[in-house]
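Chemist: Annotations for this protein, taken from TrEMBL, read as follows:
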TRANSMEM  B:23-47  transmembrane segment
DOMAIN    B:76-281  domain 'ABC transmembrane type-1'
TRANSMEM  B:80-101  transmembrane segment
TRANSMEM  B:121-141  transmembrane segment
TRANSMEM  B:147-170  transmembrane segment
TRANSMEM  B:191-212  transmembrane segment
TRANSMEM  B:263-285  transmembrane segment
């Protein structure tokens, strides 16, 4: 009786162990299949962490790179831009994804720890301003109107803004605002270019998950919100995009207007920061970064962002070569 | 007798008492039903979304930018590796603590202090344990983003729950059993090992099931530790880096492409199956022990 029990326990434990090792064996086989590739064979780890916005681009790069260099193990995390820099400036990661440029205090931290780094742009994102499909009155918004709607206290004390407060011919109904949460790089950017550091309208519904914002805006006729370009492209049939007028007439976000910078001020670059020491001392990190820049246009378009102009990728490849 | 029971009063109050009883019964039934309905709706949604996406390829593929190629292999294997660390570490330390506090420690201010702290720790948000793990295991002990570092962090997270559950279970063992054992000339350790622990195991396991289920479903502390989400290789030992299922699911649900929602649902189904599998092992062991008494 007693022996049975321990036997049962032992067999269950060994079954779990056997399963995990069996899976491990499978992976090695997969590696060998993908290994037929010319050029020098590299091996080692590339540790990438940072923004969840930039994550899909790096995921695409790491996924296809595994076919080119099966022995280079690329891991990509999504601690967020700030969380990523916290580790990057301590020298714990090779590359750090960021949806905003590095802040001064983060630069200082890197300096204190003796970390040198280089900034690379990999793609553009165009923050898209959206309204409900049934909203037939909004034809465009100027940057000032956008600022007036989203800034706390700009119209009145209780932050309840009506469409008619913005333009008299619009309906006398309250605008329901939707915005990414304060922890997101998307909010940081909107805060910088639209709000100028002033507090966000208190009635705005916040969510860290852009899919929740899509749901919210598509469910309310008086909704107005903004989020990343990829979410707009995927939900074009559910929402109506608002062209933004920055003094040169209303511009709608498209691949072309975002790439050319015409869609201002809401197009923003997405960055990858590289530890210079890693680039110099680890040939596999250098090679992965080179691969990322060479194929950056394809990857960023595929996951829903806007590619940089080709010459910018080439410029950055030159910059990378200079660091070798 | 006639004077002691006032028939009139009994008749007058009986119907309202019966009514109250029925109302409360209905209320409790509705409370149970509420949870069940939500669960059914949730499961229905997940299974209808996952259907067609849950196949061998899904179990055998690494994460991908394309929803149709995305798989949970790295997460599934990583979660099992994590359990290999968390289960023994948290059970041995947790049950050990409970035995000490219940069987050996004297009741004084110091043990009261420990007791209060353990109960409070059970309510500390998981992200705080993530920060603790990042400072101690990842940085101070230099374990990096390894299975070991994450496993120890998760063990700390679930320890309070296991300690409290094990204490309750040990306390529920009747004192007569201990006294009989001493009476037969057994030492304290013999009594604990042969009498108290076997009798307490069902209770300990019930608490551990809940605790380990929490550990396998947590994302926040692992994100803080810097555990990656994309990996195209599997760990070969406890010092390798890894990823877990909840992180994959979290990433998929936040992606813009609608198809990733199906991938996420398929991931949730796999996570549920692993949970049920783990729980049934615990229930199996529990039933084995329960037969003795």
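Even glycines carry a Cβ here, placed using N, Cα and C.
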Chemist: Against the transmembrane segment (B:147-170), which of these stretches has the most C-beta pairs under 8 Å: B:23-47, B:80-101, B:191-212?
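Modeler: Checked against B:23-47, B:80-101, B:191-212; highest Cβ contact count belongs to B:80-101.
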Chemist: Of the listed stretches (B:23-47, B:121-141, B:191-212, B:263-285), which one yields the highest count of Cβ-Cβ distances below 8 Å with the transmembrane segment (B:80-101)?
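Modeler: Between the candidates B:23-47, B:121-141, B:191-212, B:263-285, the best contact partner of the transmembrane segment (B:80-101) is B:191-212.
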Chemist: May I ask whether the transmembrane segment (B:263-285) has at least three C-beta pairs under 8 Å with the transmembrane segment (B:23-47), counting pairs 6 or more apart in sequence?
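Modeler: In contact, yes.
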Chemist: Given a Cβ distance threshold of under 8 angstroms, which distant residues of the chain, six or more beyond its ends, lie next to the transmembrane segment (B:263-285)?
Modeler: 45-47, 49-50, 53-54, 58-59, 67, 70, 72, 75-76, 79-80, 83, 201, 205-206, 208-209, 212-213, 216-217, 245-246, 248-249, 252-253
